[in-house]
Structures are given as C-alpha cells and as structure tokens.
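Below is one structure; the comments refer to it alone.
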Amino acid sequence: MIGREGDIVIQDVHPMIDGGKYSIKRIVGDVLKVDAEVFTTGEKAVCVDLLVKPPSSEVWLRTPMKQVCEDRYVGNYTLLELGSTLYTLEAWVDEYQTWSKGFERWLSSGEDISVDLEDGLNILRGYMRLADAEDSAIISNAIKKIRDSSVDSIYKAVTAKDLLDATRRCSRKHGSVRFTPDLEVMVDRSKAGFSAWYEMFPRSQTRSPERSGTFKDVEARLEDIARMGFDVVYFPPIHPTGRTNRRGKNNSSNPSPTDPGSPWAIGSTEGGHKSIHPELGSLDDFKHLLEKAQSLGLEIALDLAFQCSPDHPYVRDHPEWFYHRSDGSIRYAENPPKRYYDVYPLNFDNPNWPELWEELKSIVEFWIEAGVRIFRVDNPHTKPFSFWKWLIQGIKKEHPDVIFLAEAFTKPNVMYHLAKIGFTQSYTYFTWKNYNWEIEQYFRELSSQPIAEFFRPNLFTNTPDILPFVLQYGGRPAFELRLILAATLSPVYGIYSGYELCENKGVPGKEEYADSEKYELKPRDWDAPGNIKPLITRINKIRRENPALQNFRNIRFCEVNNPNLVAYIRWSDDYSNVILVVVNVNPFEEHYAKVRTSLGEFGVNTSEYVVEDLLTGVRYTWHSEENFVKLNPKTQCAHIFRVK
C-alpha cells in the first residue's frame, strides 16, 4: 500500500522530555507554551493546532497555533486543572489558503484571473460539503461576495477573516497529521512551585531537655514560624522510635535510658509508620495541629522514610520483607565501612514485593486521609525507580494536590531521573556551591533546557545532617548571604530550625552538627540575641511581593569583574517586575565590582532608570547597564534591587 503520512513534517517540538517519555511540570494557572517546526513541500499553506486534553475533558480542546517565522509555530494554553493534562499537535494543508496566496500574485500581475477565480470557488464548493451549518453559511455568503466584487475589492473578499477561519476548519476534515506520542504536563498546585520551608523536630519544642515536646507545644511555635513568612513546616518522622540498638547523644552506641534515639529508626512495640510517638500526642492531636497550621497559612509536611528499626512490627510479621545474611540474621542498613545498627532497610525485590509495595502505598494513603498533602521522601535513590513511579502515579491519580520532595544527594543523573518519574521537587547541591563560578555554573545547568522542564530545585541552606563549612566558619554574615542566595535563586527554598539563631557548632573537620538534634532534644530560646529572624521575615515578604522571584525558568547571570560577587536578574513573564540580585559570597571581607547587566533586554531605558534596594528601601538612579557595587558582609552582604 502506498502511504502519504509523511507529506507534512512536525518536528523539534518544545517542551518535550526524552521524546515524550516523561511529563513536563507546570503550576496551575501557568500558560503552557508549545512551539514546533511544521512544514511540507512546495508553497502549500499549512495549518497547525495545539491539542490539549485536561483531566476533566473527554475530548481534545483545540487552539490555533501562530506562525512566528519560517516553519515555526507557537501555541498557548492556560492550565486550569490539577493533574495530568495531555497535549499534542495536529497539522494539515488548507487548499483554499494555498490557492489564495497564488491568486494574490496573479491579481497583482494583471493577468486574466477568471479561470483562477473559478478554481478557488470550486475549492470553496468542495469545502461546503464538509462544513457544518455555520461554516456552510459563511462559505456560501463568501462565494456570493466574491462573485459580486470588483477587481479592486475582490482580494479583500477572497481573504476575509471569517472565510479563512471557516476554510481552516473545513480543510482539516480532508485529512491531517498528528504528532505522536501524546505529550503530558503534570500540573501541580502553587506550593509545588513557590514556597518557603521550615524544618523542625516536634520533640524539641520544649523548654526542658528531659521532656519531649508535644503537638500542643508545636502549635505554640507555629505563629512565630508564620510571622517569619514560611509556608511549609516539615517534620522528621513522628512515629514510635525503636529501642534495640538505639543511638545516644552524638550518635553514641551507649545511650542513656532517657536518650530519645534517632526518629529515623522507625517502629517499636507502640506501632510503626501509621502510628504516632506517644510522647508527641495522639492522632486527634495531630489533626488539630494540622487545623491550627492551616489557620495560620501553614501546611505540615511529613517525612516518608521507608526503613524500620529492629522493633518495628513489620520485622515480626513480615521478616521476608528484609534482607537476610547467610547466618539467617536480618541485615542492618550499611554504607561500608559503616553499619547502622538501629535500622533495617527494606528489600523491595523480595519474593513478596507486591505485598510490600501495596503496604508502603497504604502508609501514604493513611496520612493523606489524616490531612497531609506534602511528603519529604528520605533517600529515594536507594529504592527502585519502578517503585517510585508506580507509587507516585497511583497517589497523584487520586490526589493530584499531593507534593513529593526527593531528598536525594546522589549522582545528577539519578536525581534528574527521580524528577522525571514523578517527584515534584528535589534537593540540590546548592549547599556546597559557594563561589560565584560554582553558583553560576550550577544554576545555569538547572535552568537550562530540558532540565528546567521537569526538575524543581528546593534549596535548603542546611539540614540536620549537613552543616556546611561556610556556616561553621563564616559567622552571621554567612547565614545572611546563604539565606539570600537560597531565597532568590529558586522560588522554593528551606531552612532547618536553628538557622535563624545562626547555630554553627560543628564536628571538627566534618560538615555535621555537634550535639546533633537527630539524637537528642534541643530546647532553644527562639528570640536569642543575634538572631536573623527580621531578615528572614523581610526576605520572605520580598519573595511574596515580587512575581519575578516566583518562577524558576527565568534567571540570567550578569558579568561581574570580581569573583567574590555574584549577580543575576529575575523577571516576570511580562517584564513588569524585574529584580537584580547582587551578593557578596565572601562572608569575611568587603568587596566591590562593576556589574554589567542586560536590563535593556527587559524593556528598561538604561540611559536613566531607578533601582530600589528592597532590603533597605534606598533608591539609586543609574545611567548605564554597567554600575559600581560595594558590599560589606558585616553591614550588608547583598542588594535585592527592584528595577523601575
């Protein structure tokens, strides 16, 4: 059989991940912008539609795409529904529009057009047989107008907009080419793309190192966290903690009877992943906490750590779900040469793996039923990709508002693949990017195509596991500058509690906290002298007031003639909000530089314009794209300029 499906070519479609194998990510309310090269042979007029199928629609919705240059077509669609929306392209030849282009040339040449005109009218008559009642009436009226037109006015009648729209619709019914495969965009709620996270241990919300904090104590702290401008409060595991091989203070193997152990050693005789540590409160107490948080504009995120202490009920009831050594004992978690004797890893490939997978999914469903919609997933890179893809797709099909954050400090390819298969947000290497060239190189990578289409970075300044050297030795200026970088390089960032107090006591030679909160209760004076809470509050307010800081795919680094400063521009889609950030990344010394921007590309009259420092309120009038900046980390480590 002879085929004609290759006569129209659709290629170089954007956005698309790995040939359409994975979905891109967007936020509800975003405009999906699709462009592609579409062409055919000769001088034929090609029509292209963007086809979109949102979750609630049983049919494909059509939007005409515009030709912006030779063979390049662009189409937009506003995403209004959470969940999986499909999109693709369809192209066809409009014989009438092809004819009308040639007719214009014949008309201007002075040649006899009578036969050519009749050819066009015959095309229209053919389209009438394909048209619905409305388009048939438009074409019929057009034929009459064309016949009644003078030579001077005939081209206007031939190319009337309502006629061309009708022929566009009718010509598609002659036959079209559709791009395959159908592409997918996963549409998430706003917090997936713009939020400020605060990590805290509920058990440390106490005034006594001998008494665990409770959910009631956490409620008392939420107002302070909300005042600082955070959106998400993330808890490490809140489940019962195992006693077998419990770790003591500073990860000691000889705990005292009162040491609480690591909350990541999940499970005891009091329950497992669907239970709450009795010292924190009850499930009803937890639900009340969720309501309190919601009333303050906060949302609680839970840790999802799929591992067990030796005391977990799973060990007793399902020993086959774990790895076994040759002597028959269950294997501890390990990272040679270290073994973690308080934790057993799960064997996702055990003979009864479907049963295990379903049980783990039921854990997520249990906490969703309790009211949780955000999960920070512990070490997902140590579990099978196929498991995460199956779990996340299953959960989001029923609950498209759920957010999954991947805590995976591993190879970039693994981190990116976890994002491709469904994780909403991802931890990053930001924690270790300190010099200006490191920051520029890394964030150019993250904001480049196609990575920016599927990987949403969540920039944590610190974690219970990581106290970077720059924070250990850089003092308060380091805490300020790293906060500003995290909050302005990405619309999603977070801090681990104690950051606002500039806690920087580390284990000598290691990027770890001394007296780690993972192994002990840590009461704090949250208003202790030297805290940076006012700065945190100011930064979060700036973020909320400036749309330029609420999108990730819009960052451009500026030329700076001093490696101790980094500068970058962020902007809103319509250029109505343009932000220039300049940071001294050296917490020890004052530095100055000439910063060359490209503000003219964003509609700024660079011969004279005003920049307002949103940190201080001071305004400057600049007269060039190159300007002098000096920053002393002891007084002001950064500028966040709004360009007017």
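Including glycine, each Cβ sits where the backbone N, Cα and C put it.
Predicted automatically and left uncurated, TrEMBL annotations should be read as such.
The annotation in TrEMBL ties Gln307, Asp342, Asn379, Lys518, Tyr519 to alpha-maltose 1-phosphate, and of the candidates under consideration, Arg247, Arg456, Arg570, the one tied to the same site is Arg247. For the pair formed by Glu407 (active site, proton donor) and Asp378 (active site, nucleophile), distance between Cα atoms is given as 5 Å, rounded to the nearest Å.
Taking each of the binding-site residues Gln307, Asn379 in turn and counting other Cβ atoms within 10 Å of its Cβ gives the largest count for Gln307. For Gln307 (alpha-maltose 1-phosphate binding site) paired with Asp378 (active site, nucleophile), the C-alpha to C-alpha distance reads 9 Å. The recorded positions under consideration are Asp342, Asp465. Their Cβ neighbour counts within 10 Å are lowest for Asp465. Put simply, of the recorded positions Arg247, Asp342, Asp465, Lys518, Tyr519, the one whose Cα is nearest the Cα of Asp378 (active site, nucleophile) is Asp465. A simple way to gauge crowding: the CB of Asp378 (active site, nucleophile) has 19 other CB atoms within 10 angstroms, across all the protein chains here. Each of the binding-site residues Arg247, Lys518 was scored by the other Cβ atoms within 10 Å of its Cβ; the lowest score goes to Lys518.
Separating the Cα atoms of Asp465 (site 'Transition state stabilizer') and Arg247 (alpha-maltose 1-phosphate binding site) is a whole-number distance of 15 Å. DSSP assigns Arg247 (alpha-maltose 1-phosphate binding site) to coil in the three-state reduction, outside any helix or strand.
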